[in-house]
Amino acid sequence: MIIQNIDSGNGLYELFGYYYTPVWGYIMGFIDMFSNTFLSVSELGTHVSGLLTVEDLENMRHVATVTSPEFNALMKIPIILCDLLVGYILYRFVGDWTGDRRKGGLAFALWFLCPIVVYMSSVQGMFDSFSALLILLSILLVLKGHYFSGGFMLALSTLLKLFPGSVVFVFIGLVLARHRCDGLAKRNLALAVTGALLCFFIILLPNIIEGNVADSITFISDRAGGFTLNLDTIFSMGGILIALPFMIFMGHMMYRTKEDIDRKFLIYTLLVLTISMFMNIGPQYVIVLLPFLVILICSYDRSYVVCWALIGFGAFLSAFVLNNYSLLMSSSVYLGWPPYDVILSGFDWTEAYLFGTNSFRSIMNSVGYAFMGAGLILIFVFHYEDVLVRKCPKAEKYIEKIRRLSFRKEVVR
C-alpha cells in the first residue's frame with residue numbers, strides 16, 4: 001500500500017496506513033525507484049476473497065491482502081544486505097578491538113545467524129536491522145572522535161526507530177568524560193548537537209514544506225490512534241518511569257568514568273538500549289541491541305551468550321507464532337501450495353482456546369516473551385552481579401550456574 005502511495009504521487013502521510021517516521025518511507029522510495037528503473041515487478045500483491053475470514057479473527061490483525069513473491073524479495077533483499085553489512089562491521093571492529101580475527105568471525109556469526117535477525121529479515125521483512133546499523137555506526141563514529149557525524153547518525157537512527165534515542169545521555173557523558181581536561185567538551189558537544197539538528201532538518205524538511213510534521217512524529221506517542229488505558233499502556237508507562245531515570249544515571253556514570261572509557265561506553269550503551277526495551281517490548285525491537293551484546297560476548301565476557309540465546313530464540317518464537325500460518329499465504333496464492341483451507345484450518349486450531357481464554361498462539365507467545373524477558377533481565381544480573389552478591393550472597397552460586405551454560409573461558413570486567 002505504501003509503495004502504491006509513492007507510485008501514485010501521494011506523500012507518505014496523505015493516505016491512511018503509514019505510521020512510521022519518514023526515514024523508512026525514504027528507504028522504500030529508493031527501493032521503489034530502483035525497481036522501476038532496473039527491474040520489472042509485475043504485481044505487488046492482491047486481495048484474496050478466499051482468505052477473507054482471516055480478517056475476522058478475534059485476537060489477531062491479519063488481512064487478506066497478500067504480497068507477491070517478487071515484491072517480498074524486493075523488500076527483503078535490502079534488509080538481508082543490511083544484515084551482511086552489520087555483520088562485516090562487527091567482524092572488523094571486534095577483530096581490531098581484540099586483535100583476534102577469530103573473535104571477529106564469531107561476532108559476525110552471532111549477529112548474522114541469530115534466529116530473530118534471520119526471521120525478521122528473511123521471513124517477516126521488518127526493517128529493524130537498519131536501525132541496528134545506524135546506531136552501530138553512530139557509536140563507532142563517536143568512539144573515533146567524529147562527533148558531528150556521530151550525532152547525525154544518532155538522530156537518523158532515532159528517527160527510524162525511537163529506541164536508539166536512549167543512548168543520548170551516555171553519548172553526552174562520553175564527550176564530557178573524554179574532554180574533561182582539554183577544554184574541548186563544549187565544542188564537541190556542539191558539533192554533535194549540530195549534526196543531530198541538521199539530520200532532523202533534512203529528514204523533516206519535506207514534511208515542514210507540506211505542513212504535516214505532526215503526522216511524521218506521532219510514532220513517539222501512538223502511531224495508530226488515540227490513547228487507551230489498558231495493560232499494555234500501563235506496562236509501557238511503567239517502563240518509561242523506570243527507563244528514563246536509569247538512562248540519566250548511566251549518563252552520569254559515563255561522565256564519572258576516568259579509566260577504560262571506551263569499553264564502559266560500549267557497555268553502558270548496551271544497558272540503556274536494554275532498559276529501553278521495557279518501554280515497549282516487542283520481538284523485532286531487540287534487534288537494535290544485539291550488535292552491542294555481540295561485542296560484549298566476543299570482546300569481554302562470553303557468558304553473555306546465554307542472554308543472546310534467550311533473547312534470540314525467545315523473540316523468534318514470539319514473532320513466529322504471532323504470524324504462524326499467515327507466512328504461507330503468499331506461497332498459497334502465487335504458487336498454489338498449501339491450499340487455502342489448510343491455512344484457514346491452521347488459524348482455527350492456533351486460535352482455539354485451550355485453557356480459559358488462552359489459545360495455543362497466546363500461550364506460545366507468552367513463552368517466547370518469557371524467554372526474551374529473561375535474557376534482557378540477565379544482562380543486568382550479570383553486569384550488577386557484584387552488587388547483587390553483596391546484598392544476597394546466596395545469589396552467587398545461582399548466577400555462576402547460569403554463566404557456566406556458556407562454556408565461558410574468560411571474563412573481563
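Cβ from N, Cα, C; glycine included.
Taken straight from TrEMBL:
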type: TRANSMEM; residues: 77-94; note: transmembrane segment
type: TRANSMEM; residues: 106-123; note: transmembrane segment
type: TRANSMEM; residues: 154-177; note: transmembrane segment
type: TRANSMEM; residues: 189-209; note: transmembrane segment
type: TRANSMEM; residues: 234-253; note: transmembrane segment
type: TRANSMEM; residues: 265-297; note: transmembrane segment
type: TRANSMEM; residues: 303-322; note: transmembrane segment
type: TRANSMEM; residues: 367-384; note: transmembrane segment
### Task
For the transmembrane segment (303-322), find every same-chain residue at least 6 residues outside the stretch whose CB is under 8 Å from a CB in it, and list them.
60, 110, 114-120, 124, 283-284, 286, 290, 293-294, 296-297, 350, 360-361, 364-365, 367-376, 378-379, 382, 402-406, 408, 411
### Query
Between the stretches 77-94, 265-297, 367-384, which one has more Cβ pairs under 8 Å with the transmembrane segment (234-253) than any other?
265-297
### Message
I'd like to know if the transmembrane segment (367-384) touches the transmembrane segment (106-123) in this structure, counting it as a touch only when three or more C-beta pairs sit under 8 Å and are separated by 6 or more positions.
### Response
no
### Message
Is it the case that the transmembrane segment (154-177) and the transmembrane segment (77-94) touch, counting contact as three or more CB pairs under 8 Å in which the residues of each pair are 6 or more positions apart?
### Response
no
### Message
Cβ under 8 Å, sequence separation of at least 6 from the ends of the transmembrane segment (77-94): give me the contacting residues as numbers and ranges.
### Response
27, 31, 101, 103-108, 111-112, 117, 120-122, 125-127, 129-130, 132-133, 136-137, 140, 291, 294-295, 298-299
